[in-house]
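Pulled from TrEMBL, these are the features on record:
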| type | residues | note |
| --- | --- | --- |
| DOMAIN | B:232-426 | domain 'ABC transmembrane type-1' |
| TRANSMEM | B:37-58 | transmembrane segment |
| TRANSMEM | B:115-134 | transmembrane segment |
| TRANSMEM | B:141-156 | transmembrane segment |
| TRANSMEM | B:162-178 | transmembrane segment |
| TRANSMEM | B:185-204 | transmembrane segment |
| TRANSMEM | B:232-255 | transmembrane segment |
| TRANSMEM | B:267-291 | transmembrane segment |
| TRANSMEM | B:303-323 | transmembrane segment |
| TRANSMEM | B:357-383 | transmembrane segment |
| TRANSMEM | B:403-428 | transmembrane segment |
Amino acid sequence: MKKTVILGALTVAGLAAGAAGAATLDDVKARGSLNCGVSTGLTGFSAPDANGVWQGFDVAVCRAVAAAVLGDPMAVEFVPTTGQTRFTALASGEIDVLARNTTWTFSRDVDLKFEFIGVNYYDGQGFMVPKALGVSSAKELDGATVCIQTGTTTELNLADFFRVNNISYEPVPIETNAEAQQQYLAGACDVYTTDASGLAATRASFEAPGDHVILPEIISKEPLGPLVRHGDSEWGDIVRWTLNALVAAEEYGVTSANIGELSAAPGNNPEINRLLGTEGELGAMFGLEADWAKKAIMANGNYGEIFEKTIGENTPIGLSRGLNAQWTEGGLLYSPPFR
Amino acid sequence: MSDTHAQTVAFVRDTMTEQQEPPLSQSGAYKWMRENLLSTPLNVILTLVSVWLIYSVLSHVMPWAVFGIWDASSLSECRTIRDELYGADANVACWAVISERWKQLLFGFYPPEHYWRPVLAFVLFLVAISPVLFSSLPRKLLAFSVVAPFILFWLIWGGTIWGPICVALGFVIGWAIIRYASPYIGALGSVILAIVVPLLYWFVLAGPLDDLLASILPIGLEQVQSKQMGGFMLAMIIGISGIALSLPLGIVLALGRQSDLFLINKCSVIFIEVIRGVPLIVWLFTASLLLNYFLPPGTNFDLMLRVIIMVTLFSSAYIAEVVRGGLAALPKGQYEAADALGLDYWKSMRLVILPQALKISIPGIVNTFIGLFKDTTLVVFIGLLDPIGLSNAIRASTEWNGIYWELFVFIGLCFFIFCFSMGRYSLFLEKKLRREHR
């Protein structure tokens, strides 16, 4: 019920905002900063550090866009949004880009009048259980109590999964991830379910991570991506190709270490030349400088570098690339050609 | 006859004996314990159970808190230090998160080199509020209380000094109209004029005047945006502005509800009932989400200001009801006596009715204020980083993911200090204003 009301309100909102959004690029340039909506706090994806500087995987997208458009990765005003406020903030023009681990779904794209510009992280919903429970598959969870965040797609996926497998469960509704951790550790629920990345981060923070297992079943597709408003395709293009540039840079071996050298003069790989603006005029086509992609990549490195720095295997979260590897390495990352 | 007596009495005391200490069972801690803790078998049992309860709570909490680790850069480092010091199964707090992030919890993302500004603003606020709270202080300090809001605003948000001055000028204009024009155009006319003229001035003249003055003489502080404020600073800004604005508004609403004028009466009733009948969280969502659509696109109506307005309206509805309780408790004779003295409405309210009604309402008013101050944490749901919101954000960093109680203990302690001092002040005020003999 609550969800329907919110969706209804958002639909009206989306209609109203369609008229409002135009020439976001000019607004951003005039303002001198990018307004970027992020999560109020999601481990590895967006969180302020001790100095109040936002860090994380989603944050890096904002910084890359700011670098491409304004030449300064720090020229970002971060607007912390909650699950309830994120879409209104974007629809009403309070933010230019929403990079907040938002699942790309049909209704959000079509009905809410947004434009998902790509996927920066392929996630899926998983289950975590204590090892002591002796469960090895989610299908053995008949009658289990499940901690679940309310108002998210995970809630719906969970219901679908249990119905399809004809088993029952008892939901324990919780509001935040932190609450879920405490409830789960205190034994209020047998199972905690959320996106697999979130489960990994949660498990990493436990005293004894080895006592808990993440079950092999991934019950949903959660392509998380940045999104912009409908109606300003030029702006959508800029954000989309900034993300593509980060992905392509990894594919072509452009890193923050060698980018200075590669962009100094045209090399023998025309694709890299076009990407870095030493050849052709890709930047000018959407009203940016020729070296827009170079700046975007220099902000935090290419996609792989960002991944390693924020959520990769060397961080406490320790996510492996999995689906988020390049297509050449069996993953789903595939940037259209820069041509 | 007297002789026989003299012979039968063997000893007559002619000096007083030294005063003795009362017996041990009748004095000091022993007596107190006997009377208060161990007077009957039932009480003995209850005492023992209570002592055991207190002990079992403290024996868990105290070692956790006292042996806590203060110096570490992440939760895992905290755990390593703990393993070295106390062994792996010891349960101790990791206060290091507080020592690393306390500035963020207090000031949010306020630029660190400007921390002195909110601190100074807080000190000035205490100075400004003290003559209002304690009537023994020199009355001249009240002049400072009047200008303090503008100084505080300027200190916290920065910008040129002319902005607050231009706004203040509007109030001066209003005051001057009431003061000097009322003999010529009458009381009602001057009140209307004193509302209309400053409003016109603010909407039309104040902006350009501010720009002009700022371009001629740009003195001021570096501007800080509302977005950069968070933590307790945010809670206090919202709480204090809400408290300061809702009291007068609430009193006006309470008087409006008592009024015989149909329109004023009904408007007040509708306002109070509508605001009070809807949860605060809904009003906050209205402020953050719905208003975005009503306002023309591109308007930059500060979210914090919207929240302050909503919180103020919300608590003024409650204050109005509390004050109405005070008004209703006054005997009718007080109203009639004020009328019999020939006082007009405002004078009778100001001199006779309100001083008594407000005195009765003090506990209720302070109760509402404490509630309001704690309710500021609800802004977490609209994405403002108040202490609770920041605790979520801090927990989301990879260093501190998994930390829980330490942050809440710290936040709870800070809130307790504020709310407890408000409660104490209310007791002090009640005692001071008590006129009847009991």
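Note that Cβ sites are derived from N, Cα and C of the backbone, with glycine treated the same way.
Bear in mind that TrEMBL entries carry predicted annotations, made automatically and left uncurated.
Within the same chain, the transmembrane segment (B:357-383) stays apart from the transmembrane segment (B:162-178): fewer than three Cβ pairs sit under 8 Å, each pair at least 6 residues apart.
Note on the transmembrane segment (B:115-134): residues 103, 107, 141-142, 144-145, 148, 151-152, 155-156, 158, 221, 224, 233, 236, 240, 425, 429 of its chain, located 6 or more positions outside it, place their CB under 8 angstroms from a CB of the stretch. Most Cβ pairs under 8 Å to the transmembrane segment (B:185-204), among the stretches B:162-178, B:232-255, B:267-291, B:303-323, B:403-428, belong to B:162-178. It is B:303-323 that, among the stretches B:162-178, B:267-291, B:303-323, forms the most Cβ pairs under 8 Å with the transmembrane segment (B:232-255). Counting only same-chain residues 6+ beyond the ends of the transmembrane segment (B:267-291), those with a CB under 8 A from a CB of the stretch are 253, 256-257, 259, 301, 303, 306-307, 309-311, 313-314, 316-318, 320-321, 375, 378-379, 381-383.
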